[in-house]
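Chemist: Dumping what Swiss-Prot says about this protein:
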SIGNAL    1-25  signal peptide
DISULFID  Cys37-Cys328  disulfide bond
CARBOHYD  Asn41  N-linked glycosylation site
CARBOHYD  Asn81  N-linked glycosylation site
CARBOHYD  Asn99  N-linked glycosylation site
CARBOHYD  Asn119  N-linked glycosylation site
ACT_SITE  Glu129  active site, proton donor
CARBOHYD  Asn147  N-linked glycosylation site
DISULFID  Cys205-Cys216  disulfide bond
CARBOHYD  Asn251  N-linked glycosylation site
CARBOHYD  Asn297  N-linked glycosylation site
Amino acid sequence: MKLHQGLVCLSVLILLPTCILGDRKFEVYWNIPTFMCPDQNKTIMDLNKKHGVIQNTEDLFRGDKISLLYHPGAFPAITRNKTTNTLIYENGGVPQAGNLSLHLKLLEKDINEQITDKNFSGLAVIDFELWRPIFRQNGGSLSDYQNLSLKLEKDLHPEFNEDQLRKEAERRIEKFGRSFIKQTLIKAKKLRPKAQWGYYAFPYCFNGRRRYVDTCIPSAKIDNDRILYMFENSDVIYPAVYLQTDLAQKNQTGLVKGRVDEAVRMAKMVKKPAKPPVLVYHRYVFTDTLEYISKENTTAVFKAMKDNGADGVIIWGSSFDLNSKEKCAKFLDYLREVLWPVIDEVKRS
């Protein structure tokens, strides 16, 4: 596996790199539901192979090369009833009130159903975005997790003042959150030991705007140091870089640099001889408009990933992008005019 210091990577189990001196190899993985495009999908599979893109056999969305699991098991969660606008607490709502044994039991069921091959050796990505294992990161749209955590402590300790309540809420959500995060990886690796497990989007960086463009905000680095246990139990680190139209190109590449730098930093901190490689999730459209990202911008973004130490990119797409014949035809044109030429250029560089 890559040590992030100007190395060349030879494939182990086809997927993951091991290193010798020289230029680094940059892998490209396909996580787009192009099986929804029956008129184009054979052409896409054939040309992906020609351009060195790693894709599941038969264009399956979950297959032999990569499987993305959305909220597997029974992570504690707070959802909202859309009709009554009332909160629903699933498995306790927050980790300190959750049943870890129940979660692990249902996790095993989900993994057995979604990754049926016990010898699966591809990328296994856990997409977990319900809450964060750091208390202060559960603000804004995630503030229900802070509020419930504080309420639980107030019920347990009515004599506590506000500062004491907050400190105890922080301590407990992070303690039990760590158990859910870590034990999920341990269980997953026991069930599919050859798979390359990791959590989608971590480490968070919160960069791209104002003063912190090409580096994480300072508190994010402190927080990531505190969740080193996640990366020490991961086989791969999967940060995410999605773009919006209001970011200038220099800020787009800065966004990439900051997030890749942080992922590489965490990989280097892992106390193992073989450091986890960094594979960056990227969407080929702007998330605010769903317009295709230009060839110029895509080239700059992919080169920024490679230049800053990423081992590869996972190109992700939504079913919404490909839910009509017109969209499928347009996407094939985009592949021919933009993505495949960019992939060739970045692999050569």
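Just so it is clear, glycine is given a Cβ too, placed from its N, Cα and C backbone atoms.
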Chemist: Counting across all protein chains shown, how many other Cβ atoms sit within 10 Å of the Cβ of Asn119 (N-linked glycosylation site)?
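Modeler: If we count other Cβ atoms within 10 Å of Asn119 (N-linked glycosylation site), we arrive at 9.
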Chemist: Count the Cβ atoms, other than its own, that fall within 10 Å of the Cβ of Asn99 (N-linked glycosylation site), considering every protein chain shown.
Modeler: 13
Chemist: Restricting to the recorded positions Asn81, Asn99, Asn119, Asn147, Asn297, Cys328, which ones have a CA within 10 Å of the CA of Asn41 (N-linked glycosylation site)?
Modeler: Cys328
Chemist: Have a look at the recorded positions Cys37, Asn99, Asn251 and say which one has the shortest Cα distance to the residue listed as 'active site, proton donor'.
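Modeler: It is Asn99, whose Cα lies nearest.
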Chemist: Where does Asn297 (N-linked glycosylation site) sit in the DSSP three-state scheme?
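Modeler: Helix, per DSSP.
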Chemist: Determine, using Cα-Cα distances only, which of these recorded positions is closest to Asn81 (N-linked glycosylation site): Cys37, Asn147, Asn251, Cys328.
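Modeler: So, of the listed recorded positions, the one sitting closest to Asn81 (N-linked glycosylation site) is Asn147.
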Chemist: Would you mind listing, in sequence order, the residues at least six apart from Cys328 (disulfide bond) in the same chain with a Cβ closer than 8 Å to its Cβ?
Modeler: Thr34, Met36, Cys37, Asp39, Gln40, Leu322
Chemist: Counting other Cβ atoms within 10 Å, pick out the least crowded of the glycosylation sites Asn41, Asn81, Asn147, Asn251, Asn297.
Modeler: Asn81
Chemist: Compile a sequence-ordered list of residues in the same chain as Cys216 (disulfide bond), six or more apart from it, whose Cβ lies below 8 A from its Cβ; state 'none' when nothing qualifies.
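Modeler: For Cys216 (disulfide bond), the qualifying residues are Cys205, Phe206, Asn207, Asn224, Gly258, Arg259, Asp261, Glu262.
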Chemist: Tell me whether Asn147 (N-linked glycosylation site) sits in a helix, a strand or coil according to DSSP.
Modeler: helix
Chemist: Run through the Cβ atoms and count how many others sit within 10 Å of the one on Cys37 (disulfide bond).
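Modeler: Result for Cys37 (disulfide bond): 22 other Cβ atoms within 10 Å.
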Chemist: May I ask which of the glycosylation sites Asn99, Asn147, Asn251, Asn297 is closest to Asn119 (N-linked glycosylation site) if we compare their C-alpha atoms?
Modeler: Asn99
